[in-house]
Amino acid sequence: MSKSALRLAGFCLSFPLLVLLVAAVSGENSHAIDLDAVLHGMGSTHLLGTDALGRDVLARLSEGLQLSLTVGVTVVLFGGAVGIAIGMLAGWVGGWVDALLMRIADIVLSFPGILLAIALAAMLGPGIDNLVMALVAVGWVGFARLSRVQVLSLKSVPFVEASIANGTDSAYIAVRHLLPNIAAPLLVEASFGLAAVIIGEAGLSFLGVGVQPPDASLGTMIREGTRLMLVSPGLVIWPGLILFSLVMAVNLLGDALRDKLDVRMEKT
């Protein structure tokens, strides 16, 4: 990746970091309602203004940003763990186990990811825990398919065949030999998966099946701001800008990670 792209990633990342830093310094309560300060514009008291209930927009942006990152990392960790385990099992065992697990993955992939997540979130009910479960149920497939392909390519490698011939336990081979050698592409998948989950969380919250008031989410803030966009456009612009900057930065950093790991693999 070029230096200009990395500079762009740093520039995009500076907006979310600045929001977190300034909000922490200001110490405003994101849930504090002030009906005397409804829809105030930018000023010294409220740097980015207030919403329809007089709550500080900057503080709510910070809370929504932290929630997006928390949900994103949680979903990637759990979805990655489930997907990697399923993919490695399918690739290593093969046969009907591989066929069954991959057919399940194909069924999940046959639905648009966001629509399936919406349906699951609607069935489970609103809330952060159910939101995470819905996104994990959709997000494991990419890890599973990638890890399966990697394991299939490593099964015929001499050091793996030697371990099998020596009667080494399959679990030990998976942890000691397979997992370290498939970590690089999985890290790249995780970086792009994080960006997808952040968008998914914002989308589900925007539709009302994700984070619920009074908790702040970038998607929820955009939904609430659309009703007042002509009066106070900042209620939509600020969370939209932060969401765009965060996703763009994560994607650009994912590209950089992929390029760096590809170069290392070519050298080896």
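Just so it is clear, glycine is given a Cβ too, placed from its N, Cα and C backbone atoms.
Residues annotated as signal peptide in TrEMBL: 1-32.
Annotation comment: TrEMBL describes 65-254 as domain 'ABC transmembrane type-1'.
The transmembrane segment annotation in TrEMBL covers 67-92 (among others).
Under the heading transmembrane segment, TrEMBL lists 104-124 (among others). Remote same-chain residues near the transmembrane segment (104-124) are listed as 86, 130-131, 133-135, 137-139, 141, 144-145, 196, 200, 203-204, 207, 209-210 (criterion: CB distance under 8 Å, separation of at least six residues from the stretch ends).
Sequence-distant contacts of the transmembrane segment (130-146), counting only residues of its own chain at least 6 positions beyond either end whose CB sits under 8 Å from a CB of the stretch, comprise 71, 74-76, 78-80, 82-84, 86-87, 90, 101-102, 105, 108-109, 113, 116-117, 120-121, 124, 182, 185-186, 189-190, 193, 196-197, 200-201, 204-205, 209-211. According to TrEMBL, the transmembrane segment annotation covers 130-146 (among others).
Per TrEMBL, transmembrane segment is recorded for 186-210 (among others).
Away from its own ends, the transmembrane segment (230-254) comes close to residues 1, 5-6, 8-10, 12-13, 15-16, 19, 39, 41-42, 48-49, 51-52, 57, 61, 64-65, 68-69, 188, 191-192, 194-195, 198-199, 202, 218-219, 221-222, 224 of its chain (Cβ-Cβ under 8 Å, at least six residues beyond either end). Residues or ranges marked as transmembrane segment in TrEMBL: 230-254 (among others).
Panel annotation: around the transmembrane segment (186-210), residues 67-69, 71-73, 75-76, 79-80, 84, 113-114, 117-118, 121-122, 126, 128, 131, 134-135, 138-139, 142-143, 146-147, 150, 217-220, 222-223, 243, 246-247, 250-251, 253-254, 257-258, 261 of the same chain, lying at least six beyond its termini, place a Cβ under 8 Å from a Cβ of the stretch. Long-range Cβ contacts of the signal peptide (1-32) within its own chain (Cβ-Cβ under 8 Å, at least 6 residues beyond either end) map to 46-47, 54-56, 58-63, 65-66, 214, 216, 241-242, 245-246, 248-249, 252-253, 255-256, 259-260.
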